[in-house]
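Here TrEMBL flags 117, 121, 127 as Zn(2+) binding site.
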């Protein structure tokens, strides 16, 4: 078995921002910080226009606003099977590119962080309450360190 990352780019999105192998590395980093014996997962990542993400956010989360990334898990968090698809990730690329510029990050580094973040959601992690947020943020930091990238939460204690 091998890692399967299906990257779909909407026809409205121009340019190449992150190669598939970089996205695959971000997915694997998120998986291995939660389970070092992770098999090779399957995830679909979609680069979409802002309006599409806004519509999905409204439909699935009841929030009529664009957001940087959405995740759609295909499995129950307490029964993750790496032989099956973990789910789908959708990124609002124009929004993400503006966010990267505002944060003084390269688009690739920011996209990798968002893929790590969304993959953790696919694995059942969340940040709804403070305790869950602390756990998820620590996992994100570990995954980003594994990738040799920036600390997404430098304000937190190590």
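Here, residue 1 is simply the first one shown, and the rest follow in order.
In case you wondered, yes, glycine gets a Cβ from its N, Cα and C as well.
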Among 117, 121, 127, which are binding-site residues, the residue with the most C-beta atoms within 10 angstroms of its C-beta: 117
Listed in sequence order, residues not in 117, 121, 127 with Cβ within 8 Å of the centre of the Zn(2+) site Cβ atoms: 71, 118, 120, 125, 126, 136, 140
